[in-house]
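The structure under discussion appears below in the form of structure tokens.
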């Protein structure tokens with residue numbers, strides 16, 4: 001009988017390495033190197049959301065689209081502009097003329113660079129801004145582990161392929177999130193982020209004119225989901241039970257959403273000497 005020792009050792013080594021990376025992210029990472037970083041981000045986000053409520057949803061989405069692309073997950077790659085050597089992620093189908101909030105991140109970065117030169121990463125600013133945006137809109141809070149470093153490249157192709165499309169069915173959504181190490185519970189909870197913000201007509205035109213499981217007047221349990229992918233969470237399938245629970249138990253939704261955000265923001269971060277701390281979030285140093 002063939003031995004499975006090499007395979008077992010490889011699996012153990014993988015999980016050991018993953019745990020080491022995760023362990024390098026800590027909630028107090030900037031306590032000594034930039035003690036006013038979190039307050040600066042929070043103040044800027046509150047101000048931006050006060051000016052325009054929709055900005056909270058935009059910053060949350062910016063973080064989500066960052067985390068779902070590249071092997072290094074939440075690495076600030078979504079913020080990079082195109083260069084002669086690569087095409088960034090801003091022109092990807094899910095992002096083009098859709099992602100917003102870059103100017104808010106630029107402003108936060110400039111403020112932080114003014115107090116702590118090249119210490120706080122753009123990836124961490126995105127992660128904290130997403131949390132502070134949700135709180136500013138009346139949602140739950142969670143502990144953001146810090147210490148991510150910024151990528152030195154971006155991927156148009158991965159952005160086009162890995163970010164969940166609004167046309168996906170439940171099975172495809174489940175698979176896409178599973179590929180990122182996120183469970184079905186995480187997927188349903190994170191989809192709750194769509195309860196804030198706005199959607200472009202191009203993302204739901206086919207649904208409102210072509211699908212029958214829709215009530216024109218909006219709410220998943222009454223077939224009022226704008227996006228096809230959202231209505232899949234309550235459409236006679238395996239997600240119905242969890243969606244129903246959330247509709248009557250906001251505390252449960254907040255708990256699961258917070259846990260899923262922590263899990264997503266910890267997807268394979270760049271740490272230690274990997275990547276860099278960008279001076280300008282739009283370009284590598």
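The backbone N, Cα and C atoms fix where each Cβ goes, and this holds for glycine too.
The feature active site, proton acceptor is assigned by TrEMBL to 65. Here TrEMBL flags 66, 69, 73, 75, 77, 89 as Ca(2+) 1 binding site. Annotation source TrEMBL lists substrate binding site at 164. Residues or ranges marked as heme b binding site in TrEMBL: 194. Residues or ranges marked as Ca(2+) 2 binding site by TrEMBL: 195, 215. What TrEMBL lists as disulfide bond is 34-116, 67-74, 122-281. According to TrEMBL, the domain 'Plant heme peroxidase family profile' annotation covers 24-285. Under the heading signal peptide, TrEMBL lists 1-23. What TrEMBL records for 61 is site 'Transition state stabilizer'.
Least packed by the Cβ count within 10 Å, out of the disulfide-bonded residues 116, 122, 281, is 116. Sequence-distant contacts (6 or more apart, same chain, Cβ under 8 Å) of residue 66 (Ca(2+) 1 binding site) comprise 74, 75, 76, 77, 78, 79, 123, 126. Taken together, the residues in the domain 'Plant heme peroxidase family profile' (24-285) have a mean pLDDT of 86 on the 0 to 100 scale.
The 10 Å shell around the Cβ of residue 164 (substrate binding site) contains 19 further Cβ atoms across the protein chains shown. In this structure the C-alpha atoms belonging to residue 281 (disulfide bond) and residue 34 (disulfide bond) are separated by 18 Å.
Neighbours of residue 89 (Ca(2+) 1 binding site), defined as other CB atoms within 10 A of its CB across all chains, total 27. Taking all protein chains in view, 23 other C-beta atoms sit within 10 angstroms of the C-beta of the residue listed as 'active site, proton acceptor'. Distance between Cα atoms for the residue listed as 'active site, proton acceptor' and residue 164 (substrate binding site): 9 Å, as a whole number. Long-range C-beta contacts of residue 69 (Ca(2+) 1 binding site), restricted to its own chain and to partners at least six residues apart, with a cutoff below 8 Å, comprise 77, 78, 89, 154, 155, 158, 159, 162, 163.
For residue 67 (disulfide bond), the nearest neighbour among the listed recorded positions (34, 61, 73, 116), judged by C-alpha distance, is 73. When the Cα of residue 34 (disulfide bond) is compared against those of the recorded positions 73, 122, 164, the shortest separation belongs to 122. Distance between Cα atoms for residue 116 (disulfide bond) and residue 122 (disulfide bond): 13 Å, as a whole number. Of the listed disulfide-bonded residues, namely 34, 67, 74, the sparsest CB environment within 10 A is found at 34.
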